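To start, the structure itself, in structure tokens.
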Amino acid sequence: MDGASAKQDGLWESKSSSDVSSCPEASLETVGSLARLPDQQDTAQDASVEVNRGFKEEGSPDRSSQVAICQNGQIPDLQLSLDPTTSPVGPDASTGVDGFHDNLRNSQGTSAEGSVRKEALQSLRLSLPMQETQLCSTASSLPLEKEEQVRLQARKRLEEQLMQYRVKRHRERSSQPATKMKLFSTLDPELMLNPENLPRASTVAVTKEYSFLRTSVPRGPKVGSLGLLAHSKEKKNSKSSKIRSLADYRTEDPSDSGGLGSTADAVGSSLKQSRSSTSVVSEVSPSSETDNRVESASMTGDSVSEADGNESDSSSHSSLSARGACGVLGNVGMPGTAYMVDGQEISAEALGQFPSIKDVLQAAAAQHQDQNQEANGEVRSRRDSICSSVSMESSLAEPQDELLQILKDKRRLEGQVEALSLEASQALQEKAELQAQLAALSTRLQAQVEHSHSSQQKQDSLSSEVDTLKQSCWDLGRAMTDLQSMLEAKNASLASSNNDLQVAEEQYQRLMAKVEDMQRNILSKDNTVHDLRQQMTALQSQLQQVQLERTTLTSKLQASQAEITSLQHARQWYQQQLTLAQEARVRLQGEMAHIQVGQMTQAGLLEHLKLENVSLSHQLTETQHRSIKEKERIAVQLQSIEADMLDQEAAFVQIREAKTMVEEDLQRRLEEFEGEREQLQKVADAAASLEQQLEQVKLTLFQRDQQLAALQQEHLDVIKQLTSTQEALQAKGQSLDDLHTRYDELQARLEELQREADSREDAIHFLQNEKIVLEVALQSAKSDKEELDRGARRLEEDTEETSGLLEQLRQDLAVKSNQVEHLQQETATLRKQMQKVKEQFVQQKVMVEAYRRDATSKDQLINELKATKKRLDSEMKELRQELIKLQGEKKTVEVEHSRLQKDMSLVHQQMAELEGHLQSVQKERDEMEIHLQSLKFDKEQMIALTEANETLKKQIEELQQEAKKAITEQKQKMKRLGSDLTSAQKEMKTKHKAYENAVSILSRRLQEALASKEATDAELNQLRAQSTGGSSDPVLHEKIRALEVELQNVGQSKILLEKELQEVITMTSQELEESREKVLELEDELQESRGFRRKIKRLEESNKKLALELEHERGKLTGLGQSNAALREHNSILETALAKREADLVQLNLQVQAVLQRKEEEDRQMKQLVQALQVSLEKEKMEVNSLKEQMAAARIEAGHNRRHFKAATLELSEVKKELQAKEHLVQTLQAEVDELQIQDGKHSQEIAQFQTELAEARTQLQLLQKKLDEQMSQQPTGSQEMEDLKWELDQKEREIQSLKQQLDLTEQQGKKELEGTQQTLQTIKSELEMVQEDLSETQKDKFMLQAKVSELKNNMKTLLQQNQQLKLDLRRGAAKKKEPKGESNSSSPATPIKIPDCPVPASLLEELLRPPPAVSKEPLKNLNNCLQQLKQEMDSLQRQMEEHTITVHESLSSWAQVEAAPAEHAHPRGDTKLHNQNSVPRDGLGQ
């Protein structure tokens, strides 16, 4: 099969480019040797029906034939010549095919394109899942569910294209100005059913956008497998018309007309070739007109079966296999062609010869089996095609119904949208008119606002005058309180300065007592130093004698031992060097061994890694070779399979792509519907939000009413508090008057002032609390006012919006119904109400602004008071913090200075040690760096190798994964192929079993016939033998004759039976042909019914259009109804809201009037307050006079204090002089003590050397004694000399012991003296610390006094300025109020406003405020000078005491060194104790 198909492919390729007229001759030459069978005629008939279906669905013979025939590509440029008179399909087909084309031609004028293109789109939708080959392979077809999925995908793609086009059109419309009356929708059914309007319909655009669909995969029924022939009457261009994309379905005007001529043209159109190795080709030569007729009928049948969606390949394949078998039997069983008997060819040689029974039975059985198989195959194929068409129609009906419902919903929604858009345009017009009206109203409002501003300016000028009066009153009260506080601060500072003077005198007395004690201690120390010097002179004389004796002894020993000691030192040095070198060598050897072990391990690791690399590379190469071999083997195995599967896969890919296109189109449509629904929901949400905003405005109005009521209550509370304060102030004024009259003397006045100050402090606290309450109330009032302003603005905006909306609604409803007129009247009334509301709001704003100005003036006064108080507090806090910081920093700096000196000495020692250590470390580092470089090189190699290993491992893993993937894919392919092969094998087995059963039945019958024949032959032979043996018997002759007669009868009966068999066969064949003709007639009827179905579909489509338009109109109606209902509801809500607002505005007007009345009352009360404050001012001025007298008394006391300070400073200067003289004495003593310490150190060193030399002398004496003993044994004459020497040595030892005892005594005395000096030093330190603390306290007091003086000066300056401002303000107020004096006197109480003079004389204030001269007699300046002198004197004392402590510390250290030397000589283990004892006083001094 494959070889034949390949040869035929080559033939068709060679013929594809040749002219059409040469095709029939070539086909006759190639096909002339083959015989045509009836089943091949059926295939031709099926193909012709497919052609007719192509005409009916596509409307263009060229395109339909290309779609129907071009898929297999096996018969290029072949054309059928069918006679219309002889064809049985001709008259019937004219109603379907020719009638359709006639209708097409008639309707081409105006509506041809629309109807044809609608039909083209519908046929496109139906033919998308039916374009694939039916006879490609033996595998079973896709189930019906997959067919539906394919159709859905194709639809989705089409809908996606429509969506894209709609988006483009929508953009173009948005850029261009849209006409008003044009009804246009993005979901237009005409646009959907007219694909020429789409940009995708053009071949250029589609080839650009759908170039990925250009594949060489065939579609449609494979005509070559049906055994079609082509005969040409007309010539057509032979360009390829493979359907690559949706653009190729574009309809064209039909150029030809006629019954079967169009079918011939369709079959004869150019065909494209495809490489399908499994396609079946059967070429048949045209024998007669009946053959052509039957061939055309078979073509139509097969094409109808395939167009109906029959995708079962097995049935058609089985029918073809049966036909092929029949053709082979016919050719084999008939060698010569001389005569034709009932369709069978009989040679001339076989006329007189009858075949045997076996041959006849075999031929009959084979022919019967072939006929049964053909009938079964054809019936099965037609049954499958009809069932598949029915199922496909049912499956298509469901999504079409869904689509229709979706389209209806879409049209209804479009109608609603159009209605809403019309309403929106009208609303925009109304909005523009309303905006113009608003502009006119705004101009009127501006004029009214200007008028109100002029009135407000007048009110502001009056209120500013009131504010200035209030501010002046507040400033006067503040100045009086400040003066009182300053007087109290001055009194306190004077008392503190008196206390400080007393403390300073006490400290002076203490210091004098301490100085006397110091003088006594110094005298005692001088006496002890004198005694020590005498003792040291005696000790020095004794030491000189001992040194002379020692030199005589050492001179003798040095000569003998010098050489020995030098040699010993050299030997020791060499030994030390040796040990050091050995230790270094051992250390280096250990390090080298460790490094070598590391190198060995690294080398081992390197070798191991190299081996792993080699093994991995071998494994890689082996796996690569294996994978390559396996791939080659699998490729060789699968090449044939892949070649077979490529076409199927490509076809499936195209089906999937079409499916995805349809799915995407559906999704986009659904998204459009959802977007439209969302827009409608947004409109509904906007309406709901407007309603909610109205409700919120109502709530805010209600809340503001409540807030206004609360404000009124708070205002009443504030008025009550103000009245109470006025009463308290009057009571205080009366009490002050009583106090002025009672007290005349200064002491009594002071007591009264203190009491009044206490009472005033309480009043100030009370007033401060009241101020806080007022501030809180004012802040709340401010916030409420801001909220009211915001609410008013929002109300204005809401009113403007509502007025605009009402006017829009009025105009819409005026156009549509009489109800709108009623609404217009209501909106006019609402406008008037809104204007009233606006006017009321303007009045409210004016009142609120006036109230706000009053509140701001009060706030400013309160804020200024707070700011001054906070500023003074913050300055005091900052000064205190700076003092504390300075003292802490001074202490920390002193501690750090001492610590740094200690650290410096330690660091110098450590640096010397580190330099020596660094040199040794640098040498070792150089050696280690050299070694490290080698190790680094090895490590880099290791890292590179490990990375290479990792990369190789990754490559191996990737290759293994790829191999596994390839193996799994190949396994899956093999499984698929195995399943296909098993299904094919099962079918072949079933056919083989049926064939074997038939052959076994026939073989049994043949065996029975042969057995009977052999039996008869045996009987005949016996009879012949008997006849030859006994020819004389007449009886036998008679029997033989009878048998011969019977034989002749049997032969005749056999001939008759054979004739009957032939008649039966011819009858069955005639019946088969009749049944086929009936089937063809039924198929023609089916085609006619399908034509009727198409007409019904057209009518249904028109019904759909009408239904969509109906839904559109219904949507418009529903939209209008919804908008009307919403307008009515909105209108009712607005009416209720306006009624509520009117009521609220009436209430607000009443409240505003009440607020105005209250404000007038408040202004009257404020005037009364101002008058009361003026009275209190006069009283305060009287109090200021009394304060001045107190200031004079304070100055007298300051003069007394100055005198005391001067006396104290003189006494301190004398004490300083005495201290300086004593410090000089102490310095001289310290110098002498230092010299003594140096000498003691030298003596101690000499004693230590002497002790070492004595030890050496003793050892040498022992050696000499040994030598003398030996010499005495040899020379007894030298014994007397030795005894003399011994006696001398004993005497020297006794002298040394006496010297040691004397040294011990001197050490004990030195210890006692040191302890005494340490105690005196500690007492001096404690006294110095006390003096320093006293100095710090005096410094603090000085700073406090300076700060207080500066504050007093500043306060006096501010008082003067305030008094001057008050005078000016009061004079101006008096000048302004001369004219309306009568009115003010009638309204205000009887107390007139007077401008009293400043109680403090100006000359005195100027003297106070002037900066002090160079030599002034003011008490503060003298105090400052005294404090500075005291500070300088205390600093000098502190320095002297520090120098004294340093000298004492140095003398003690020198004494300790002097005592340490003899102590070491006498007690070698007692050094630690002495050292510890000496270290204690040093630490104490250092501290």
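Cβ from N, Cα, C; glycine included.
Range annotated as region 'Disordered' by Swiss-Prot, chosen from 785-804, 1265-1284: 785-804. According to Swiss-Prot, the listed position annotated as phosphoserine out of SER318, SER454, SER1027, SER1479 is SER1479. In Swiss-Prot, the annotation phosphoserine falls on SER979, out of SER48, SER780, SER979. Screening SER60, SER87 against Swiss-Prot annotations picks out SER60 (annotated as phosphoserine).
Of all ranges given (121-141, 1213-1233, 1402-1422), Swiss-Prot attaches the label region 'Interaction with GOPC' to 121-141. With DSSP states grouped into helix (H, G, I), strand (E, B) and coil, the region 'Disordered' (785-804) comes out at 20 helix, 0 strand, 0 coil. Taking the Cβ of SER461 (phosphoserine) as centre and 10 Å as the limit, one finds 9 other Cβ atoms among all the protein chains shown. Mean pLDDT, taken over the region 'Interaction with GOPC' (121-141), works out to 47 on the 0 to 100 scale. For the pair formed by SER979 (phosphoserine) and SER461 (phosphoserine), distance between Cα atoms is given as 107 Å, rounded to the nearest Å.
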